[in-house]
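Q: Just dropping this structure here.
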Amino acid sequence: MPHLLVTFRDVAIDFSQEEWECLDPAQRDLYRDVMLENYSNLISLDLESSCVTKKLSPEKEIYEMESLQWENMGKRINHHLQYNGLGDNMECKGNLEGQEASQEGLYMCVKITCEEKATESHSTSSTFHRIIPTKEKLYKCKECRQGFSYLSCLIQHEENHNIEKCSEVKKHRNTFSKKPSYIQHQRIQTGEKPYECMECGKAFGRTSDLIQHQKIHTNEKPYQCNACGKAFIRGSQLTEHQRVHTGEKPYECKKCGKAFSYCSQYTLHQRIHSGEKPYECKDCGKAFILGSQLTYHQRIHSGEKPYECKECGKAFILGSHLTYHQRVHTGEKPYICKECGKAFLCASQLNEHQRIHTGEKPYECKECGKTFFRGSQLTYHLRVHSGERPYKCKECGKAFISNSNLIQHQRIHTGEKPYKCKECGKAFICGKQLSEHQRIHTGEKPFECKECGKAFIRVAYLTQHEKIHGEKHYECKECGKTFVRATQLTYHQRIHTGEKPYKCKECDKAFIYGSQLSEHQRIHRGEKPYECKQCGKAFIRGSHLTEHLRTHTGEKPYECKECGRAFSRGSELTLHQRIHTGEKPYTCVQCGKDFRCPSQLTQHTRLHN
């Protein structure tokens, strides 16, 4: 086997001053340790022979230690090496002057003397020490605790760990096409937000986010919907909004099949299945799916309402509530039902309305099995079973299931009626009452009975009507007449008792129903809010207008099954049917004579008077 000549210069690496200054302390320490170990490995082969040239057996290679140029390295090695730089003329004698064992017995300190070659007049010598590790495995890996005899082996082993880590980091970095994207991603992990809004002080991790945020202050909304004209700050918001018009719902839940327009809605929906509610209120312990829900909920405890309407001064917990409220003033209803053409203030109202057409009631009570269109309806319904009424009026102490019920109730005390009809000027406590009232003017009756086809303005009226086709549980003990509701029986019994608890302050006239008093008071005020568009005639009641309109149309929807005679009013049919049945429920107290209708009894009593 040929002899190979290896010098220390072959295995040494030199840095320029500029390169050295670029290294951090850890890299300098690593450089020092590796160079010392390389030198140790070479010198440990034969300490007593000349370091200049040593020929070994044929099985070994030949090493030569010549021209130890450590001028750069000499300034950086361990202080244990008492050395200020060997020049090109230094020759190592390789004499072992002494050995000192460390206290732990882990290292051997070898003192080596190197003498400079004679120059013109003098020679000098320099002494340094070298720490050589023993055969014990002194170097332990911090990652896996594996032991090594030599530092170089440990360094190589640790490099393997680092390569594994770096491959993961590179994988992560490769998800970003450009360096700025990686920097922005790092800011997400560190929480750094260097870009601050001068208007409100809010900080952002990206300049693009800051630019979009500043549009809130400038009210700039460059992205406009061609369908409804609504404008948005971001293009992504417009894209999501357009799905309201197209009906596109690309995000489908694999568990229940429900689809969503927005990815965020889909993510939140999945928490319904998992039951995850990571955000808990410290005041009452209530938990929420969203962090923003917790923030809004905490405003209930604090009473904070940061969003105020400039038109009427009303304040709201949520910005979205203010947006919807402002549409009450502007009359804007951008969300239109494709089935019936009805328009709504917000998308959630449209979604809930569409369930009327589909009959979908996805929220079911586990106590009684009752189903609901809205999740909030189920929440309020559950309080019927539990008896919980968390919202209490400070004026009268009355408690309510929902906060909206409390707000509406408080308007009774304040007299506030913010919802005004543009047709007749009548004002209402809540928007729902106004919507139902407007159907009187439009003639709209969206709630139809499947049994007989009769339609109603309110779903409550339809519910009451449907009970007519079913059982009548409430019977009058006086005359045997049965009723669907207990309240109907109560009002009916007042006919027998003569009780009229609702009294007019103007003329002292009394009434059985509160609604009768309200309608009567319009006589004193001269108010007739229901006007016929055909002839201009006005009426106190909406029902009177409906009956009057049949005069123009000739419609007589109430037909007698006995004789086939038809009537414009249901009350006329009821009175007519008493001719066939012979029923006379109204009795004169003075003479005992019976009559078919109250007007006949009234005329008769005048004879006695």
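Positions of Cβ are set from backbone N, Cα and C atoms, glycine also.
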Q: Under Swiss-Prot, which of the candidate ranges 26-48, 95-117, 279-301 is annotated zinc finger?
A: 279-301
Q: Can you identify, from 70-92, 530-552, the stretch that Swiss-Prot calls zinc finger?
A: 530-552
Q: Summarise the zinc finger (502-524) as counts of helix, strand and coil residues per DSSP.
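A: Going by DSSP assignments, the zinc finger (502-524) contains 11 helix, 4 strand, 8 coil.
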Q: What are the helix, strand and coil residue counts for the zinc finger (474-496) according to DSSP?
A: 11 helix, 4 strand, 8 coil
Q: Mean pLDDT for the zinc finger (391-413), as a whole number?
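A: Averaged over the zinc finger (391-413), per-residue pLDDT gives 87.
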Q: What is the number of residues in the zinc finger (447-469) that are helix, strand and coil, as DSSP sees it?
A: 11 helix, 4 strand, 8 coil
Q: Is the count of Cβ pairs under 8 Å between the zinc finger (530-552) and the zinc finger (419-441), pairs 6 or more apart in sequence, 3 or more?
A: yes
